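Peer 1: Okay, here's the structure, questions in a sec.
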Amino acid sequence: MTVRGAALAPDPASPTTAAASPSISVIPEGSPTAMEQPVFLMTTAAQAISGFFVWTALLITCHQIYMHLRCYSCPNEQRYIVRILFIVPIYAFDSWLSLLFFTNDQYYVYFGTVRDCYEALVIYNFLSLCYEYLGGESSIMSEIRGKPIESSCMYGTCCLWGKTYSIGFLRFCKQATLQFCVVKPLMAVSTVVLQAFGKYRDGDFDVTSGYLYVTIIYNISVSLALYALFLFYFATRELLSPYSPVLKFFMVKSVIFLSFWQGMLLAILEKCGAIPKIHSARVSVGEGTVAAGYQDFIICVEMFFAALALRHAFTYKVYADKRVDAQGRCAPMKSISSSLKETMNPHDIVQDAIHNFSPAYQQYTQQSTLEPGPTWRGGAHGLSRSHSLSGARDNEKTLLLSSDDEF
């Protein structure tokens, strides 16, 4: 039996007893109270709704990835596209698992770590895809080199007044995205370590908590990466116009940046007391973890709409058309497993990091060139200039640039 502090109605027949008796109430143990009622995140309805959106998004995106691998006619572009598309399964499934286990801080942190690490790769791969669309660094520089940077407070280029586009500008864009690929995994590992030592709790901005410092470093890093991505788009938006970059850019930036601002908004609501903690005989969850649980639920729903938008933004149909030549014959394709293996190989990311952080970068840059090959039937929409002749073989040549051309 549990004793609660609610008043018990006095017995009219026993005034003396009523006056002497304390104001208590006896409630059978296990009876529900206001604090023990499960919040929406703990209900079967929340798990079912989020699960429906997640598994639908998985089916849509996995089919799209399969079709890209099946029509793997332009590996240099589709490698980046498939990596970008994987953000939906990873974000959706990880968020769903985090939601299912959000009352357990250990599981919750691990699932969120995997999701956050892949976020960094998506920004880098989208920038690399834009490079590939335009034919490589040298082709981009031949178009924009020496042009003055338009100063605009709206577009965040007011601090670049008087500067011109140079090879240093491209280097900054790549380095700013690559640093996020390093910082984000380091912050994820730090989160796991701090969690193990009891020094990390979601939403705890105390100076003795690791959450404050991880959040500051992460926010600076992701803001720099997204700023560099925007600067590159601002400089090459006219060159990218044949490839419908607006929807692609919007989707990649919204998936990553929207989740970031959602987390910030939920953290503010938590500090304002709008998100209560869960405390019952069975489980006790802090306000920060509850806020993160709500964000996981929102992401589960959002990934369904992201899957639909990404299916349109990165269509496989243009690559399917490139499989067929003028005589209607299909060009031989790699197996799906070998195409997936090539896509998931991080060798190009490592080489690009070495190339962009090398002291010799200001003297050399690489340009993809093609040897003439048979022309296949199909539109050029979504394909890079350097790949307008499908079936050609990629070669790398080095182009010497002036060493004093800095951004």
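Start at 1 and count along the chain as shown; that gives each residue its number.
Yeah, the Cβs are placed from backbone N, Cα and C, and that goes for glycine too.
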Peer 1: Please identify the range among 1-24, 25-48, 145-168 that Swiss-Prot labels region 'Disordered'.
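Peer 2: Here Swiss-Prot associates region 'Disordered' with the stretch 1-24.
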Peer 1: At a C-beta cut-off of under 8 Å, are there same-chain residues at least 6 beyond the transmembrane segment (40-60) that contact it? List them, or none.
Peer 2: 88-89, 92-93, 95-96, 99-100, 102-103, 278, 290, 293-294, 296-297, 300-301, 303-304, 306-308, 311
Peer 1: Counting CB pairs under 8 Å, which listed stretch among 121-141, 178-198, 214-234, 249-269, 290-310 touches the transmembrane segment (84-104) the most?
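Peer 2: Going through each listed stretch, the top one turns out to be 290-310.
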Peer 1: Considering only Cβ pairs within less than 8 angstroms, which of the stretches 178-198, 214-234, 290-310 has the most against the transmembrane segment (249-269)?
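Peer 2: Stretch with maximum Cβ contacts: 290-310.
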Peer 1: So if I exclude everything within five residues of the ends of the transmembrane segment (290-310), which remaining residues of that chain have a CB under 8 angstroms from its CBs? That is, six or more out.
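Peer 2: Distant Cβ neighbours of the transmembrane segment (290-310) are 39, 41, 46, 49-51, 53-54, 56-57, 60-61, 64, 84-85, 87-88, 91-92, 95-96, 98-99, 102, 108, 112, 202-203, 247, 251, 255, 258-259, 262-263, 266-267, 269-270, 275-278.
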Peer 1: Same chain, outside the transmembrane segment (214-234) by at least 6, Cβ under 8 Å from its Cβ: which residues?
Peer 2: 119-120, 123, 126-127, 130, 150, 155-157, 169-170, 172-177, 179-180, 183-184, 187, 190-191, 194, 200, 205, 240, 245, 249, 252-253, 256-257, 260
